[in-house]
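Student: My questions all concern the structure below.
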4 protein chains.
Amino acid sequence: MGNSFGKLFKITTFGESHGKALGVTIEGCPAGLAIDEDFIQQEMQRRKPGQSKITTQRREEDEIEILSGVFEGKSTGTPIGIVIRNADQKSKDYSHISDKFRPSHADYTYFEKYGIRDYRGGGRSSARETAARVAAGAIAKMLLKAKGISVQAYVSQVGDLTLEKNYQELDLNQTENNIVRCPDPKIAEEMITLIDSVRKDRDTIGGVISCVIQNAPPGLGEPVFDRLHAELGKAMLSINAVKGFEYGSGFEGVKMRGSQHNDSFVKEGDRVRTTTNHSGGIQGGISNGEDIYFRVAFKPVATIMQDQESVNESGENVTVSGKGRHDPCVVPRAVPIVEAMAALVIADYLLLAKSDKIQDI
Amino acid sequence: MGNSFGKLFKITTFGESHGKALGVTIEGCPAGLAIDEDFIQQEMQRRKPGQSKITTQRREEDEIEILSGVFEGKSTGTPIGIVIRNADQKSKDYSHISDKFRPSHADYTYFEKYGIRDYRGGGRSSARETAARVAAGAIAKMLLKAKGISVQAYVSQVGDLTLEKNYQELDLNQTENNIVRCPDPKIAEEMITLIDSVRKDRDTIGGVISCVIQNAPPGLGEPVFDRLHAELGKAMLSINAVKGFEYGSGFEGVKMRGSQHNDSFVKEGDRVRTTTNHSGGIQGGISNGEDIYFRVAFKPVATIMQDQESVNESGENVTVSGKGRHDPCVVPRAVPIVEAMAALVIADYLLLAKSDKIQDI
Amino acid sequence: MGNSFGKLFKITTFGESHGKALGVTIEGCPAGLAIDEDFIQQEMQRRKPGQSKITTQRREEDEIEILSGVFEGKSTGTPIGIVIRNADQKSKDYSHISDKFRPSHADYTYFEKYGIRDYRGGGRSSARETAARVAAGAIAKMLLKAKGISVQAYVSQVGDLTLEKNYQELDLNQTENNIVRCPDPKIAEEMITLIDSVRKDRDTIGGVISCVIQNAPPGLGEPVFDRLHAELGKAMLSINAVKGFEYGSGFEGVKMRGSQHNDSFVKEGDRVRTTTNHSGGIQGGISNGEDIYFRVAFKPVATIMQDQESVNESGENVTVSGKGRHDPCVVPRAVPIVEAMAALVIADYLLLAKSDKIQDI
Amino acid sequence: MGNSFGKLFKITTFGESHGKALGVTIEGCPAGLAIDEDFIQQEMQRRKPGQSKITTQRREEDEIEILSGVFEGKSTGTPIGIVIRNADQKSKDYSHISDKFRPSHADYTYFEKYGIRDYRGGGRSSARETAARVAAGAIAKMLLKAKGISVQAYVSQVGDLTLEKNYQELDLNQTENNIVRCPDPKIAEEMITLIDSVRKDRDTIGGVISCVIQNAPPGLGEPVFDRLHAELGKAMLSINAVKGFEYGSGFEGVKMRGSQHNDSFVKEGDRVRTTTNHSGGIQGGISNGEDIYFRVAFKPVATIMQDQESVNESGENVTVSGKGRHDPCVVPRAVPIVEAMAALVIADYLLLAKSDKIQDI
């Protein structure tokens with residue numbers, strides 16, 4: 001249980017950080033979609049380690065291999081199997097922690113749950129698993145692109161350094177122009193400086209990623225439990241290190257009065273629009289055609305380059321020493337992961353909406 | 001799609017606000033659990049309208065009727081069917097808005113999705129649907145109680161009035177002692193005054209509910225997509241009016257360094273414990289035996305007693321007038337709903353954990 | 001687990017034979033379908049007890065009540081909740097077997113599985129549960145009818161009395177003209193005589209139901225595990241007393257050579273057709289547009305009006321005496337159940353097929 | 001949809017006959033199970049082509065590679081990813097049929113469903129996909145073996161050559177001693193002769209596989225839709241070329257009276273047993289501790305070495321010529337597939353049964 005996501009456009013992943021490979025099976029991709037392998041690989045590059053001075057220096061090429069489901073450049077409707085070999089598979093690196101529980105990692109909880117654990121770099125609990133999600137998300141993005149829908153995420157906070165501008169005030173095409181993936185060049189520079197200083201302190205820091213989905217049609221969402229934002233929230237909360245999710249007005253909206261918060265409807269040409277968008281493009285769990293936007297909170301990475309007190313499997317007090325190559329801040333590399341998961345949700349709900357009305361059957 | 005929640009302990013709901021009845025089918029409740037109907041009814045009373053001056057004055061007795069799955073006072077392992085008749089079924093009240101889209105309600109999105117809508121009081125999109133969840137949650141709570149696990153929610157913010165104390169500094173048994181369900185009597189009083197003044201303004205206001213789960217065993221959670229907090233988050237985001245979810249350190253944790261945020265492990269008697277609990281009792285998506293806690297943001301109720309500009313199904317400009325009996329603030333009545341959904345998640349994950357290890361099979 | 005059937009057009013049932021009521025929640029019925037309550041009730045009459053001298057004389061009106069999901073005569077896209085009250089709820093009838101395991105009933109297996117059982121008339125294991133399926137199937141049938149698809153079942157064997165004619169040689173509109181539901185009046189008469197003589201022997205007998213689905217479009221089916229015939233097979237095997245399922249050439253096809261069995265393709269007007277139909281309308285698990293046909297084997301009813309040796313919950317030898325009012329042969333009343341389950345499968349697969357091709361999204 | 005099977009012990013497969021590889025992800029295998037790779041490979045050998053003169057002479061080594069989920073020889077509770085590379089990937093072989101619909105293959109139905117098809121050897125519809133099932137089934141078998149449960153299938157009919165003996169009269173350990181996998185050496189010889197003569201006629205023939213599951217505990221099965229035999233039936237019907245399924249008395253049981261068919265309960269030592277087993281070890285959809293047995297009908301393989309009339313994608317009349325290397329009869333190689341699917345069902349239901357009773361939670 002727990003390795004699949006989605007209902008019709010559905011992915012199933014496998015793989016540990018230091019096993020032979022990661023993999024993902026993508027079911028439900030409609031037949032006839034042109035599959036651009038280069039695009040998938042580009043998305044992988046955005047997530048891969050070693051891409052800049054503020055990410056882990058671990059080396060993984062993260063080359064994808066499509067094993068099925070694509071024929072003569074197009075999806076065939078059958079499941080698309082993709083594997084990503086783990087190149088940097090140095091399990092010896094981890095012998096020093098093989099029986100120790102690293103603080104705020106999943107070592108202890110996996111051990112309690114399964115009675116056994118693959119101690120090499122976190123095993124299944126490692127964020128390395130998200131590589132498979134990015135590959136699958138790239139295919140979802142192609143589907144959305146074919147329907148004119150875009151998904152764009154960016155870093156909006158690092159520590160207490162906050163990008164105060166709204167997404168509408170930003171040029172999201174600038175996100176990829178700097179290594180921290182913040183579309184405001186000035187704030188980006190400050191974020192990079194902050195992350196770099198934290199790294200030099202042998203410490204880590206948290207951040208926030210904002211995401212905007214544009215041109216999604218009205219009518220996406222499955223009430224009552226599978227509301228569109230509930231599924232987006234679950235998708236985000238399933239990403240490593242995520243501690244919170246809010247959409248539209250979010251936690252700030254709590255302070256507003258209904259008379260301020262309500263989004264008035266108006267007719268704009270053929271379309272019904274809203275004059276404001278505190279709803280974040282979703283009302284009653286269903287998209288209303290406005291921009292869908294949300295924010296995702298990431299905690300500071302648990303692996304720090306410092307000694308920490310802990311216990312081992314026998315319950316003895318031990319010291320866990322920081323070793324290896326790790327990210328001082330996870331958000332720059334998490335931007336494509338957020339986009340991938342969002343794209344998977346929207347693709348899935350697009351398919352689900354095909355059978356809403358009797359006239360469509 | 002979308003009317004079921006859970007995997008093994010699973011509920012399926014039906015019903016509209018002004019239809020004949022609401023209902024829920026509860027699958028997977030282990031056989032032999034003593035079912036206390038009075039307790040279920042008590043939980044219903046906590047959610048029902050008309051319970052105090054700061055809730056809607058609509059009248060619904062919300063009497064449950066168990067139709068199956070219980071024999072001689074015990075669950076039999078077969079699905080428990082429950083119906084709740086809608087007593088206050090005045091559909092004429094709604095003729096004035098039958099073709100109008102109320103701002104920030106689901107009128108427009110349901111109409112776009114389904115091409116047809118039950119305009120009587122929101123139909124399926126009404127929070128009335130949560131009555132069925134509370135009934136099901138009461139059964140989940142009985143299961144948890146039998147295992148020593150408690151789930152307690154309370155109001156921690158109304159508008160910008162915030163209860164600054166941590167749950168550990170509060171006596172959660174006082175939550176039910178006031179009509180706003182805030183365990184701090186002084187802040188409760190202020191909250192009640194605020195809500196009452198908002199009500200007199202014919203307006204509404206948002207709030208935050210905090211929730212604590214105690215004595216859950218370590219090992220609950222299904223990585224990677226069905227992490228315990230991802231499922232809790234989805235459960236909460238599926239409740240009407242919810243705009244955000246955070247657990248443990250949440251959005252505030254973003255600002256911390258890893259060296260501050262990490263929870264050190266120590267041995268305490270037989271148990272492995274953590275000295276702090278920024279993780280909110282969940283690491284790598286699996287419970288670690290510490291208290292699980294989270295916060296849920298609710299927007300101001302969309303129905304206000306004021307005139308608002310909108311459009312109708314024909315796209316014409318119309319005025320929507322506030323009528324009827326509505327909550328000025330949703331959080332007091334949402335406390336049992338949050339508890340119900342949390343209990344359902346924990347009950348489900350308890351069952352899922354029974355097959356984790358080969359020695360348990 | 002196990003009380004739901006279907007993926008998009010999905011039903012969830014609850015209810016025991018001697019509880020207060022049976023119920024079903026139907027999800028995924030597309031919005032805007034005209035719902036004819038009279039038709040549902042007619043289908044219920046076809047299944048209800050006491051309808052003729054060769055069925056049980058138990059009395060149940062099996063009146064349905066729609067609680068949700070229908071507004072102004074049309075489906076709204078929200079779940080349709082239906083309850084059927086149990087009128088004939090004489091639990092005292094069953095005290096004589098409260099701790100005895102009736103041979104070839106589910107008494108022993110439910111007791112082993114759940115450690116507790118509702119001994120009143122089989123509880124959840126009673127075929128009474130199928131009333132809820134017939135109600136749901138009636139809605140699926142309306143959907144299929146709107147698409148020009150028909151589902152027709154009939155009794156083709158009782159004991160060793162076999163209707164040798166193929167469905168093409170029969171007038172299926174005559175099925176309802178006799179109480180055994182065999183479209184050949186002469187064989188029907190013989191079957192009725194046979195069942196009646198078995199009944200007088202205080203015994204029971206098995207039978208076979210054949211079913212034909214016409215005008216289903218090509219392209220329905222979800223390879224590889226959810227092949228159309230695999231889902232039909234599961235649907236049928238989930239009906240009480242069913243022991244076998246075969247489609248197309250079935251078990252007889254085993255004896256054929258490939259050169260005899262293969263169905264040649266030809267062009268007929270605009271359509272690709274096959275000259276024979278040993279495939280039963282399904283190739284590779286996907287419908288090919290030809291008639292879908294299959295056969296379902298039902299064992300003799302386990303309740304006989306004779307004394308039988310058995311054991312009780314304490315493992316003591318006991319005699320189980322036949323009492324009450326039971327069917328001497330289940331197939332006449334099972335015809336609408338077979339149709340209901342077949343209609344549910346086809347409706348579900350119709351919806352699933354809406355997202356097969358990129359051009360449809 | 002359709003590429004996953006199982007609820008807790010769940011598999012998801014991908015792969016086409018002439019793509020790069022097949023694969024399977026196995027979720028829910030309890031942690032701590034010793035994984036014997038050699039055993040998995042042995043099971044693969046039983047299914048692989050080219051193993052005898054009565055199977056296709058195609059060559060595939062079907063070497064499995066485990067990519068995840070196993071650490072230091074044991075399952076870790078995380079998904080087990082397995083790939084099987086396609087060695088014999090000669091796509092040019094298939095150019096002669098690239099736009100033709102082979103009779104009784106899935107060429108036409110895939111084309112109708114998806115509007116595109118991988119014409120190389122059937123693509124996803126090829127029985128090659130079952131290699132992934134056998135690999136997964138081998139892991140399920142290890143789990144069952146650890147619990148003392150055995151699953152044994154054998155060929156009981158080829159064409160009209162029928163093994164009349166019951167499984168109890170046979171030594172099932174002899175099944176692997178001949179190339180047709182029939183435990184009666186004399187009948188096996190006749191079957192081999194028959195298949196060989198069919199092969200020389202450039203034709204194919206059908207067969208039946210019987211299967212017995214021993215030592216399954218009572219209490220497995222999930223009423224009402226997921227009855228144990230319904231899931232077994234679906235599992236079998238999802239195998240290529242299967243046309244029918246029956247368990248226990250099956251279609252023959254139809255002819256019996258209830259007084260003959262009912263299985264009397266008796267106490268035998270500590271256990272409740274039945275004196276006969278027409279129920280096939282399953283009552284009310286739940287195992288009763290007796291042997292579970294069933295029969296599966298396979299049609300003659302559609303590919304014959306003869307010219308056949310058909311149409312192509314443009315609707316033109318064409319001749320399809322038999323070419324390549326194919327099985328004259330599928331049943332000898334299908335024995336391990338039947339066992340694999342049966343083992344997967346039983347393993348899954350074993351896990352599901354862990355949460356049946358409150359005392360087990």
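Backbone N, Cα and C atoms are what each Cβ position is placed from, and that goes for glycine too.
Worth saying up front: this structure is predicted, and the values here are computed from it rather than measured.
Sharing the feature lines straight out of TrEMBL:
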- B:R47, B:K53: NADP(+) binding site (BINDING)
- B:R124, B:S125, B:S126, B:N240, B:A241, B:G284, B:K299, B:P300, B:V301, B:A302, B:T303, B:R325: FMN binding site (BINDING)
Student: Which of these binding-site residues, B:K53, B:R124, B:A241, B:K299, are close to chain C by Cβ (under 8 Å)?
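Tutor: From B:K53, B:R124, B:A241, B:K299, flagged as close to C: B:R124.
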Student: Return the residue, from the listed binding-site residues B:A241, B:V301, with the maximum count of other C-beta atoms within 10 angstroms of its C-beta.
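Tutor: Max Cβ neighbours within 10 Å, all protein chains included: B:V301.
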Student: For a quick check of understanding: given the listed FMN-binding residues B:R124, B:S125, B:S126, B:N240, B:A241, B:G284, B:K299, B:P300, B:V301, B:A302, B:T303, B:R325, what is the maximum Cα-Cα distance in angstrom, as an integer?
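Tutor: In whole numbers, the farthest two Cα atoms are 44 Å apart.
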Student: Does B:S126 (FMN binding site) have same-chain partners at least 6 apart in sequence with Cβ under 8 Å from its own Cβ, and which are they?
Tutor: B:E16, B:S17, B:N240
Student: Cα-Cα, whole number of Å: B:R124 (FMN binding site) versus B:R47 (NADP(+) binding site)?
Tutor: 17
Student: Can you name the binding-site residues among B:K53, B:K299, B:V301 whose Cβ is less than 8 Å from some Cβ in chain A?
Tutor: B:K299, B:V301
Student: For B:V301 (FMN binding site) and B:R47 (NADP(+) binding site), what Cα-Cα distance in Å is obtained after rounding to a whole number?
Tutor: 16
Student: With every protein chain in view, how many other Cβ atoms are within 10 Å of the Cβ of B:R47 (NADP(+) binding site)?
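Tutor: By my count, 26.
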Student: Among the binding-site residues B:K53, B:R124, B:K299, which residue has the fewest other Cβ atoms within 10 Å of its own Cβ?
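Tutor: Counting other Cβ atoms within 10 Å of each of the binding-site residues B:K53, B:R124, B:K299, the minimum falls on B:K53.
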Student: Only counting partners 6 or more residues apart, tell me which same-chain residues put their Cβ under 8 Å from the Cβ of B:T303 (FMN binding site).
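Tutor: The answer is B:R102, B:H105, B:T204, B:G322, B:G324, B:H326.
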Student: What three-state class does DSSP give B:T303 (FMN binding site)?
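Tutor: The residue in question, B:T303 (FMN binding site), is coil (DSSP, three-state).
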Student: Round to a whole number and give the Cα-to-Cα distance in Å for the pair B:K53 (NADP(+) binding site) and B:K299 (FMN binding site).
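Tutor: One finds 20 Å between the Cα atoms of these residues.
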